[in-house]
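Below: one structure in structure tokens.
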């Protein structure tokens, strides 16, 4: 690294952030110290917690299902591969953010009560068509991200208390999640993201240890990968796992020194890999092909206090992740209605309510936990998180003057601008073909199959069939996530 250049860049950037830092130090009495510690987070650690905890939530439970579709080796390789791709695009987003912010602050724009979002970065650097595309994909993705959290809540609690069916649980959790309208911004998620990380860590190790202690099921088969359709569905679910950074810009904005963000995302991803690889491998090793019909890993493990604990922790975590996915939507909505700069919390909370209602509704229509992850992954994450940032980076720095005046030069080990350009083009092509093309096709076929099998407003997705005294559908149709041999779709 050329130290001199870095030093200059750093002073330029730090110069702009001085005012933000001085804001971040209110007078310290005990009460404000405590509220600061629990509530107002903007340090590098907070960003790390937010990234890591935001990345893993319910995906831990669907990864073994992906492994059963992909086979062991592909599963591990895809995780590493998409982990690296994800960190790279997060790095691009952070560069574009710092670039946008520095340009704006040279024009003396003040961002005190305004949260910068991804679409504004696109707007400022590339104009309004980019903004509209970015906004469209991002909002749809976050909308469905929130929907998935709701479905996951219902899907999980069912394993503790099955007196109510999953749809009723979705109603209940929808009402609970609506309370996130009262959390003003990402600064206020400090204690939550820390707890979230503790919870996912516990769950991941619970899955690993429980699966190993349980040992392999009799006659366990590991036949994956056998169907091309399932292979790509699984791969896309992994793409979705490491595409958790549609919220990257908002998390960065909540930091006091956003330029530290680049390394943080990579570290978060590395930590996440230590959770996802052991747990998915262990569960797949123990249960093999049984996972093809159980997209939620909790379904196969024996009931125990530890499992109940893991389920409860995941529930609390989903609540937090719901807040994470929804907060940017609230911001966009506030800006549309013109209430974003408003000081009164209650007014803003009221304005935000219409955002929660469609999410609630969608979660009741499509309760397919597992297949919906892959569908969202292929159709939305592929663009929001991989293709758009890579293209935006190419177009922002395509003129040589823009490259010379860039606040931050690309690192030497990737080969400066040429290397960066090559990597970006590779990402765009790869994700378009494998993620969006094959992945989209496979996920949509799988998704439509779920609708054909279960119907839209299905009451209880993948629940064990009721007692045999009532004539029911044959069991293989009740819980088919993979097309069963009786009815092939070609």
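Just so it is clear, glycine is given a Cβ too, placed from its N, Cα and C backbone atoms.
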What residue among 138, 293 has an entry for N-linked glycosylation site in Swiss-Prot?
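My reading of Swiss-Prot gives 293.
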Can you check whether Swiss-Prot puts residue 154 on the same side of the membrane as residue 420?
no
Identify the transmembrane segment range according to Swiss-Prot, selecting from 104-124, 377-397, 398-418.
377-397
Swiss-Prot tags one of 228-248, 459-479 as transmembrane segment - which one?
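Transmembrane segment, as annotated by Swiss-Prot, spans 228-248.
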Quick one: which of 22-42, 169-189 does Swiss-Prot have down as transmembrane segment?
169-189
Would you count the other CB atoms within 10 A of the CB of residue 293 (N-linked glycosylation site), including those on all shown protein chains?
19
Count, for each of 133-153, 191-211, 353-373, 377-397, 421-441, the Cβ pairs lying under 8 Å from the transmembrane segment (76-96), and report the range with the highest count.
377-397
Over the topological domain 'Cytoplasmic' (332-352), what does the predicted model average in pLDDT?
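So the average pLDDT across the topological domain 'Cytoplasmic' (332-352) works out to 77.
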Could you check whether the transmembrane segment (133-153) packs against the transmembrane segment (353-373) - three or more CB pairs closer than 8 Å, residues at least 6 apart in sequence?
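Judged by the Cβ rule, the two regions touch, with the required three close pairs present.
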So what's near the transmembrane segment (421-441) in sequence-distant terms, Cβ-Cβ under 8 Å and 6+ beyond its ends?
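Sequence-distant neighbours of the transmembrane segment (421-441): 85, 88-89, 92, 232-233, 235-236, 239, 374, 377-379, 381-383, 386-387, 390-391, 393-394, 414-415.
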Using a Cβ cut-off under 8 Å, which residues of the same chain at least 6 positions beyond either end of the transmembrane segment (56-73) come close to it?
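Those are 148-149, 152, 156, 196, 200, 203-204, 207, 222, 224-225, 230-231, 233-235, 237-238, 240-241, 244, 272, 275-276, 279-281, 283-285, 287-292, 294-298, 314, 317-318, 321, 369-370, 373, 481-482, in sequence order.
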Any chance you could find the range in 191-211, 353-373, 377-397 with the most Cβ pairs under 8 Å to the transmembrane segment (311-331)?
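Looking at each of 191-211, 353-373, 377-397 in turn, the most contacts to the transmembrane segment (311-331) are made by 191-211.
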